[in-house]
Amino acid sequence: MQPRQNPDTQFSLLISSSFSLPTKFNKPPISTHQAISLLHQYGYLNPPERRNSGDPIPSGLSIFSRRLQSDVTAMTNPNKLYRDALKTFQKRYGLPITARLDSRTLELLSTPRCGNPDIDPDESFSQSEQRSGGLRRTKRYLIGEPKMRWTKKKLTWQIQSYPTHYLNRSQTHAVFQHAFNKWSSVADLDFVEEKNYYKDADIIIKFGSRRHGDSIAFDGPGGVLAHAFYPMPEPVYSLAGDAHFDDEESWWDGPHKEYRDLLSVATHELGHSMGLGHSSVQTSVMYPYYMSNWKRVELDKDDIAGMQMIYGAPKPGKKLPEIPDLPDIPSIRKLEKIVI
């Protein structure tokens, strides 16, 4: 296999998937100073210029480095920039717009999630569309610049490392084939698994912990769950389209009251691997906060619209790869018998 480009020189738009989690997974409450730092990290305070442009960042500098975050300590006293950032965050997530770090805002900011910026510096939160029934809904999908898309319609994927507990390789393969099929069923894209480990694939999937080979380390259970990289046609050997999952999380192949639903997270991350950004509407797969429920993940109509805007609709009569069955959603009674 040919070596991939140094990840520190590859621009990454990391994908955040945040979850309402059981108490055992939650981190301690964050301080006000940490909350302000998170506003920087998520792109609400002085986001780096052209963060979503696909241009490389300086070697050794991640998008979360201190150099890209202005003086956080100076923000502990509210000023216009700080208040505007809070209002933007609150508006995006349907919170009361108080321009203060109130309890609901602090609670959401402290919810486990990736540190990837939610917003593009040029994204407008005032954009909305008139839909049937008189409902106004915020545009749910973010499309990168034209170069942040795949220029071919047949993509290969490969799992290079697996979860080290709970899920075996067969279960993991089944989950990702399901996730790829969900996107392929609504777009003019085909995904083919590259089974030869020594051949490079367009989309590399890895499970790792802490420092795992790119410039953004995972942080253990209850924090960052996964991240992915937007597609880039060049350079060929880069992290473009790759998806990484924190191996210190407890992954499951479906809804579970204690473990992470890998199918839901994988479908979200692969949406980013195709070029979709985050949504602020909870029914979208691309909504960054994972709300635990007992339903199988399904694509929202605007997830579909976003994907088809980039790649077009699937051809009539399209056939998808066969996938193993995933287990039925377990009952609460069965879950109570699981010893963790």
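Here the Cβ of each residue, glycine as well, is placed from N, Cα and C on the backbone.
Listed by TrEMBL as binding Zn(2+) 1 are His212, Asp214, His244; the candidate from His227, His268 that the record includes in that site is His227.
Comparing the binding-site residues Asp202, Asp219, Asp242, Glu249 on other C-beta atoms within 10 angstroms of each C-beta gives the minimum for Asp219.
Asp246 (Ca(2+) 3 binding site) falls within a strand when secondary structure is assigned with DSSP. Secondary structure at Gly220 (Ca(2+) 3 binding site), as computed by DSSP, is coil.
Least crowded of the recorded positions (Asp214, His244, Asp247, Glu269), judged by neighbouring Cβ atoms within 10 Å of its own Cβ: Asp247. The Cβ of His268 (Zn(2+) 2 binding site) has 29 other Cβ atoms within 10 Å, all protein chains considered.
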